[in-house]
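Trainee: Supplied in structure tokens, the structure appears directly below.
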Amino acid sequence: MTGRIRDTARAAAPAAPRPAVGRRPGRPSPPSLPARVSAAARRIDEATPPERDRAVDALRAWAILGVVLGHWLVTALVVPAGARPELHTASPLQYLPGLTPFSWAFQTLAVFFLVSGYVTTRGRLSAQARGVGHGPWLRRRLARLFRPVAAVLALWTVVAVALLLGGAEPGTVRTLVKLALSPLWFLLVLAALTAATPLLTRLHPVWPLAVVLHVDLLRFGFGAPGLLGWINLPAGWLVPFTLGAAWARGELCGRRTGWALLAGGAVATAGLVVLAGYPASMVGVPGAAVSNLNPPTLAAVTFGLAQCGLALLLREPLRRAMRRPLVWAAVALANLSAMTVFLWHQTALMATTATGLLAGRLPGLHTLPDHPGWVVARLAWLPVFALALMVCWAAFHGWERTTGRRGARAVHPGADDAPHPRVVG
């Protein structure tokens, strides 16, 4: 009987695994790719300081994603047929006005400035607490902001000269360079607001909002010169920036403020579009008489207030979502590469467009965006743009993550606003 039980147990027991060919017996097999990714995500999650507000990083990732996808969807580089065609830009919003609501989803600059105001104010207050003066703090911050720009400027200087020497049409070169360097306006505005942070931390958002209101009244109501509108470039983005500063001071904790901004901003924007004739598109449309972004109009600012309200309402749901290690790791890594992605996403689009010309004029890439089929084709190109952007990231992300000190590896942009626990310097 005992022998039968022993035989049954022996038969039920799993056979010992045979060692794989070429592997020493007893050496454990390497973990699978999902297991390695999960382990890396847990390490990032465990290394993040518990006091960090992860919702801030999630909002910044949302803003970056909106800008990148928005540009990729509405920027068409049209290559006309001909021996020496001159490339020009177009937008599906010119020909398919029914797509206008999509501009509301992908125009996320107000969220970017909201987060920037929060982060910059927190960073300045933290520096003050450590006894760091405004000058050293500002120099370090601007160095982190503009260091990656040097690579973009250097590459496109070489590309522009090479294209002109190679016989490219000057109009084509001008279009490409303008598109590649278009993200820099944002950095200039952000740098100016960062430099003025000590003066802005207590500024109420109603004051820059009043400036935008009066500038638009003079432009559109009394026929003032259009150049006056450029006052709205700093004033318009100062509104969400000062909201972020108020958030950093703990003044926007309740959900009531979020609902008031969301509802008030949405109603005001709808009224300006329907009753005052402002464009419904929240991004620029080539050939339009008025752009809501270039320079910012009152409608763009009120729309931004609605977005800021939504962002404030999403803080708690985002904090809960960021407790998942995989989700948080993805957001943290996106934030560490935010500047590289922002600066190079247009270059990725243009590199794909230029490479595609080797196969001829391709739909959704070189053709006029004047029918729904173009939109479908452009959606199919998005993964290719993303792959090209990954190549740019691999080549240039070191400019974002290294300091001026040799051998130092910095995690931008510091303990007060970066999702990584280690900080150099």
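Glycine too: its Cβ is placed from the backbone N, Cα and C atoms.
No curator has checked TrEMBL annotations; they are predicted automatically.
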Trainee: Looking at 196-212, 298-314, which stretch does TrEMBL describe as transmembrane segment?
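Mentor: Range annotated as transmembrane segment by TrEMBL: 298-314.
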Trainee: Name the range, of those listed as 61-82, 228-247, 259-278, 298-314, 326-345, that has the largest tally of Cβ pairs under 8 Å with the transmembrane segment (149-168).
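Mentor: The stretch with the most contacts is 326-345.
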Trainee: Counting only pairs 6 or more apart in sequence, are there at least 3 Cβ pairs under 8 Å between the transmembrane segment (298-314) and the transmembrane segment (375-396)?
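Mentor: As far as Cβ distances go (cut-off 8 Å, pairs 6 or more apart), the transmembrane segment (298-314) and the transmembrane segment (375-396) do not touch.
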Trainee: Using a threshold of three or more Cβ pairs below 8 Å, and leaving out pairs closer than 6 in sequence, do the transmembrane segment (102-120) and the transmembrane segment (375-396) count as in contact?
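Mentor: The answer is no, given that the two segments have fewer than 3 Cβ pairs within the 8 Å cut-off.
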Trainee: Across the whole of the domain 'Acyltransferase 3' (55-395), what does the mean pLDDT come to? Round it, please.
Mentor: 93
